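> Quick one: this structure, given as C-alpha cells, is what I'll be asking you about.
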Amino acid sequence: MDRSLKNLRIFMRIAFLEGISYLVLLLVAMPLKYFAHIPEGVKYVGWAHGVLFVLFCIYLLKVWAELKWSFGKALLAFIAALLPFGTFVLDAKLKRAYPAVHTVS
C-alpha cells in the first residue's frame with residue numbers, strides 16, 4: 001500500500017497514545033504528585049509522554065510533507081497535541097478524511 005498512508009496510520013497511532021499519556025499525566029500523575037506527594041508518576045509518565053510527543057512531531061512533519069498538507073492543517077494537528085482530548089478529535093477527523101488508512105497493512 002501507499003507509504004504515505006502507512007506513515008499516516010503510524011502517526012494516528014502515535015497521536016492516540018500521546019493523547020492517552022497526556023490524560024494520564026494530567027488526571028493521574030499530577031494529582032498523585034501534588035495531593036498524595038508521590039512524584040514518581042510524573043517522572044515516568046512524563047518521560048513516556050515526552051517521547052511520544054517528540055515522535056508525534058517527527059511523524060507530523062513526515063505526514064505533512066508526504067500528504068502535502070497546508071501549513072494550517074499541520075498547525076491544527078500540532079495544536080491538537082497541546083490540548084487534552086485534542087488528539088482524539090484529530091484521529092476522528094483523519095479517519096473521515098482518509099478512509100483508506102484502515103486498509104493499510
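From the backbone N, Cα and C atoms, a Cβ is placed for every residue, glycine too.
All TrEMBL annotations are machine predictions without curation.
Per TrEMBL, domain 'DUF3817' is recorded for 8-96. Taken from TrEMBL, the feature transmembrane segment applies to 12-32, 44-65, 71-90.
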> Who are the chain neighbours of the transmembrane segment (71-90) in space, where the CB to CB distance is under 8 Å and they lie at least 6 residues beyond its ends?
15-16, 18-19, 22-23, 26, 53, 56-57, 60, 64
> For the domain 'DUF3817' (8-96), DSSP counts of helix, strand and coil?
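The domain 'DUF3817' (8-96) comes out at 78 helix, 0 strand, 11 coil.
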